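Database features (TrEMBL):
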{"type": "ACT_SITE", "residues": "Cys41", "note": "active site, nucleophile"}
{"type": "ACT_SITE", "residues": "Cys44", "note": "active site, nucleophile"}
{"type": "DISULFID", "residues": "Cys41-Cys44", "note": "disulfide bond"}
{"type": "DOMAIN", "residues": "1-119", "note": "domain 'Thioredoxin'"}
{"type": "SITE", "residues": "Asp35", "note": "site 'Contributes to redox potential value'"}
{"type": "SITE", "residues": "Gly42", "note": "site 'Contributes to redox potential value'"}
{"type": "SITE", "residues": "Pro43", "note": "site 'Contributes to redox potential value'"}
Amino acid sequence: MHKPSHSNPSIFETHYEQFQEAVIDVSRETPVLVDFWADWCGPCHALSPHLERVVEEREGGILLAKLEVDEGENMRLAGHYRVRGFPTVILLQHGEEKGRFSGARSRYQINEWLQEHLD
């Protein structure tokens, strides 16, 4: 099952109701990767450990918010961010989108992408 590492406070689940406070507001101080994923999505499950490892290696320098978009308000939030496929990862920094990618990537590819997009 695609569940975040609760032992690491830099990795957390989020949902529509808390998104502004837990993700956007927090991104004003610390960059946040938002992982839009679905339980039925194979590439989502493949990407998850790589994202978690990248965040763990950065020791609080970046956060990972996991947003399951199988139904309801979370799906509406994905629509607001124009998410068209899963997984989609969006980098928020200073309250704004700084970049995004879709599909599974390796840890190396994620780190390269972050270097290009972080301020």
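Cβ atoms are placed via backbone N, Cα and C, with glycine included.
Given the structure is predicted, the values throughout are model-derived calculations rather than measurements.
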Check: If you average pLDDT over the domain 'Thioredoxin' (1-119), what do you get?
Finding: 93
Note to self: DSSP on the domain 'Thioredoxin' (1-119): how many residues come out helix, how many strand, how many coil?
What the structure shows: 48 helix, 28 strand, 43 coil
Next item on the list: Return the single residue from the recorded sites list (Gly42, Pro43) that has the minimum number of other CB atoms within 10 Å.
Entry: Gly42
Item checked: Residues that sit under 8 angstroms from Asp35 (site 'Contributes to redox potential value') by C-beta distance, when 6+ apart in the chain -> Cys44, Leu47, Ser48, Leu51, Leu64, Ala65, Lys66, Leu67, Pro87, Val89
Notebook entry, point to check: Fewest neighbouring Cβ atoms within 10 Å: which of the active-site residues Cys41, Cys44?
Noted result: Cys41
